[in-house]
Structures are given as C-alpha cells and as structure tokens.
C-alpha cells in the first residue's frame, strides 16, 4: 500500500509536471479570446474605438500571458533566420 508521504510526493510531481502545460493551455485560451480586438489593431483602422467585447477579453486575460506573447513575437524573426526589425515600441 502506498504511504501518505509517497502519495503526496506523487501528486506534487504530477502538479509540477503538468503546471507548464496547464498554464500554456490557459494562456492559449485567453489569448484566443483577445482576437475580438483584432479589428482595432489592423492597419487602416480609422479612430478605432474599443468595444465591450474587446475590453472584457483584455481584462480577463492574464497580463503575464499577454506580455509573454508579445515578447515571443519579437523573437520570431530570429527563429526564422530573418533580419530583425524595430517597431519603435518599448516595453
């Protein structure tokens, strides 16, 4: 029979192993919800006004997920062996 300490150790190991996967899935879901804001970000949008769906999605999005996605986007050029570029945005 498995001791209580062994069971606790197994549960902790399972949590640690699945933590990044769960966080990645959570971020993926939250970031996909922010797609309702895409029309506000497209070139040519004249005086875009945020709608309630965009604002609600943005408010519900984990800020770390959003910031990490933006940081990751800036590395895409190097991952694709393309020249880097600067959009004039500082974070």
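In case you wondered, yes, glycine gets a Cβ from its N, Cα and C as well.
Swiss-Prot lists 27-65, 37-54, 55-80, 67-87 with the feature disulfide bond, giving similarity to another entry as the kind of evidence. Annotation source Swiss-Prot lists signal peptide at 1-24.
Here the features listed in Swiss-Prot are painted onto the structure.
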residue : record         : DSSP class
27      : disulfide bond : helix
37      : disulfide bond : helix
54      : disulfide bond : helix
65      : disulfide bond : helix
80      : disulfide bond : coil
87      : disulfide bond : coil
* Asked: Minimum Cβ neighbour count within 10 Å among the disulfide-bonded residues 27, 67, 87: which residue?
  -> 87
* To do: Starting from each candidate's C-beta and looking 10 angstroms out, tell me which of the disulfide-bonded residues 37, 80 has the most other C-beta atoms.
  => 37
* **Close disulfide-bonded residues near residue 37 (disulfide bond), where close means Cα within 10 Å, chosen from 27, 55, 65, 67, 80, 87** => 55
* **Whole-number Å value for how far residue 55 (disulfide bond) lies from residue 67 (disulfide bond) (Cα to Cα)** => 17
* Structure fact -> Spacing of the two Cα atoms, residue 65 (disulfide bond) and residue 55 (disulfide bond), in whole angstrom, works out to 16
* Asked: Quick one, of the disulfide-bonded residues 54, 55, 65, which Cβ has the fewest other Cβ within 10 Å?
  -> 55
